Amino acid sequence: MNSTLSLNRPVRNYTLGSFKNPKLIEARPSRHQLCSHLIDFSKLKWFGNVNSRTGSSVQQQLRDYSGESRRITSRRIRVSSNDAQFGSFPNKGGTESSSFAEFITSERVKVVAMLALSLALCNADRVVMSVAIVPLSLAHGWSRSFSGIVQSSFLWGYLISPIAGGTLVDYYGGKAVMACGVTLWSLATFLTPWAAENSLLALLFARAMLGVAEGVALPCMNNMIARWFPSTERARAVAMAMAGFQLGNAIGLTLSPILMSQGGIFGPFVIFGLCGFLWVLVWLSATSSTPDRSPQISKYELDYIMNKRQKSHAVESKPKTKMIPPFRRLLSKMPTWSLIVANAMHSWGFFVILSWMPIYFNSVHHVDLRQAAWFSAVPWCMMALTGYLAGLWSDTLIRNGTSITLTRKIMQSIGFVGPAVALVGLTAAKTPSTASAWLSLAVGLKAFSHCGFLVNLQEIAPHYSGVLHGLSNTAGTFAAIFGTVGAGFFVELVGSFQGFLLLTSLLYFLAALFYIKFSTGERVNFDESGQYHSHHINT
């Protein structure tokens, strides 16, 4: 098997048995050659002579020939995906990855693109009330305190669902739970105009139901990515999904005024609600909960995902998760607390910036926010861009031999220390443009956290990633409420926004140190009581 691959004739491999049976060769010649649509033969010249490892692999597989040509074809495709990778080269760490063209057109990217759209709708439905609250307050004569209650009613529901939703995700899978979640929050969004016109209690209930439904979004995203992506691509996949999450802020804040001007106060609620229903129809008809259940996936992609997942102890390699997770054992491990602390700090910073920075710029730098649409869009667009770049870098580090543990700690350190430094710069800024640059840098660097604690959930407990996400999300929601409300009291007590930003910066530093100390990229054994124990995975 050391001859040069020919571009002018079909590639065939025969066992000695096949030469003794010429009818097999004549009757089914296409079964004994690689499908032309799976290989671009013009690119095979890059590989020169087939090496001895490839030759020995093929010979070994042909010795096991069983007379079933379908299995021979499947095995030859597996050899090709592992040895040639269709135009990609082995990297320094010896772990091979699919080419960019294959990755971007693959079925798994279609899944993550749908997840990104759902998270964009999730945030757009969430922030539209922050735009509509001003005309609603004027129309109904609401006080500022009651307007705050209306806005916070979303968090009431969001407090309830993450743990229960995460448990359902682990048991039933991400596809079904995500479809139910998007249907429910789209219905709550669509019915918000009716609720606001008929009853204040109905309005509060609709917003709380929006929070309940959206509480399952991130656990579902984590569950689907854990099942569709090997560990060398998960950071990139999470970054793509979370890019949709961040762009949802920009979409909601910039499109809502336009939709209101054309369709009235309730225009954005109706449009976003209908978009959610449309998304559910596409999601149910075009995606599958796992790769092996997808009718559209190619044999090469399925083999690639399953081979990589077998090397990193795939989620499906274990019996179905118990309905009641082992909460006591989950909370007895310090890696769990590193994720809880990281999520809490991430949510604190996120909601403080989302809720108070417009007021900060208006009161400190006298920025007219009605004429500054760029202020709402630029930081979140920056977060989406840097998040994807962080995902690419994170996956590259792992493929080149850096341990998963070290990679996650690097990403999380940048995601916390970076915003901490940027917030200090924000407090010292003298002009609105300089302050906006520091704010965009802080928000952009926060996205590195998605390649830290957010991916880490799948790695330490793939069978309990949903409930772990729910636990950490609940802590994050408490931190968001405490930080958002506490900022107002702090400013009233001290009389300075800068002081609260410096406090937030200090908390970022402390959370980074805690994560570095106690986190791990190895699988933690949550099914046995006792001391900390882990299984090394793909480091």
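Keep in mind that glycine also has a Cβ here, set from the backbone N, Cα and C atoms.
When TrEMBL is compared with the stretches 92-116, 467-491, the one noted as transmembrane segment is 467-491. Tertiary proximity for the transmembrane segment (497-516) is limited to same-chain residues at least six positions away from its ends with a CB under 8 Å from its CB atoms, namely 338, 341-342, 344-345, 348-349, 352, 356, 360, 363-364, 409, 412-413, 416-417, 419-421, 423-424, 426-427, 452-453, 483, 486-487, 490-491. Per-stretch counts of Cβ pairs under 8 Å to the transmembrane segment (202-225) identify 467-491 as the leading one among 237-259, 265-284, 467-491. Counting Cβ pairs under 8 Å to the transmembrane segment (337-357), the top-ranked stretch among 237-259, 377-398, 435-455, 467-491 is 467-491. Note: the stretches the transmembrane segment (377-398) and the transmembrane segment (435-455) are in contact (3+ CB pairs below 8 A, sequence gap of 6 or more). Between the transmembrane segment (237-259) and the transmembrane segment (435-455), the number of CB pairs under 8 angstroms, six or more residues apart, is three or more, so the stretches are in contact.
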